[in-house]
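Undergrad: Residues or ranges marked as active site in Swiss-Prot (evidence: sequence analysis): His62, Asp105, Ser106. The annotation signal peptide is assigned in Swiss-Prot to 1-23 on the grounds of sequence analysis. Per Swiss-Prot, the feature site 'Role in the phospholipid gating' maps to Tyr177; the stated evidence is sequence analysis.
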Amino acid sequence: MRLFYQRISLLISLCGFFSAAWASDVQPASSTGLWQRFTQNVAETWHHSPHQDLYVPAITWHNRFTYDDEHIRRYNERPWGAGYGISRYDEKGNWHAIYLIAFKDSFNKWEPFGGYAWEKQWRPFDRYQDIHFGAGFTAGVTARDNWKYIPVPALLPLASVGYKQLTFQATYIPGTYNNGNVFFAWLRYRF
């Protein structure tokens, strides 16, 4: 029963995170401050996203310079799971998404992560416009078994390389010795 309440708590936290998107009218992002721009982009993404995305975790890599061999041997570096999101490209060609993904973490326990993501997009090859690169951030909420599934906010960097609708996207979770310092990547397919 306790696990049930912890999962309900996570759901409530996610709903609170996106309350601005569900409740606000979309206004021009250029006329406001950073927080207003953020909430308006979340709202615009929630209300006007023409794309649906499938997320498939690809790799978890613990930085060998920050972990001892005992921890490396114990940890799972082959996550499996899936996720779903909605996304859009703005007038500048930048990518926005709202998503929820669940995967097996370092301890081989389920970890959900839901949030908003933004990436500045580049198409550096005139001849090959289908190839794109991105850099940005994700802001969301996660919960882990070793933290008793208490919802924890997270703000993480994002980077990607893609071809047409398929994108290899990744983040790096900073940390201390034997904690954090994890490269996590997934494939994202846009429908």
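The backbone N, Cα and C atoms fix where each Cβ goes, and this holds for glycine too.
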Undergrad: Rounded to a whole number, how many Å is the Cα of Ser106 (active site) away from the Cα of His62 (active site)?
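TA: Computed Cα spacing between Ser106 (active site) and His62 (active site) is 9 Å.
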Undergrad: Just counting, how many other CB atoms are there within 10 A of the CB of Asp105 (active site)?
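TA: The Cβ of Asp105 (active site) has 21 Cβ neighbours within 10 Å.
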Undergrad: Might you list, by sequence position, any residue in that chain lying six or more from His62 (active site) with a Cβ less than 8 Å away from its Cβ?
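TA: Listed in sequence order: His71, Ile72, Tyr75, Glu77, Ser106, Asn181, Val182.
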Undergrad: Measuring Cα to Cα, how many angstrom lie between Asp105 (active site) and Tyr177 (site 'Role in the phospholipid gating')?
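TA: About 18 Å separate the Cα atoms of these two residues.
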Undergrad: Counting every protein chain present, what is the number of Cβ atoms, excluding its own, within 10 Å of the Cβ of Ser106 (active site)?
TA: 20
Undergrad: Tell me the Cβ neighbour count for Tyr177 (site 'Role in the phospholipid gating'), meaning other Cβ atoms within 10 Å of its Cβ, over all protein chains shown.
TA: 11
Undergrad: Please classify the secondary structure at Ser106 (active site) using three-state DSSP.
TA: coil
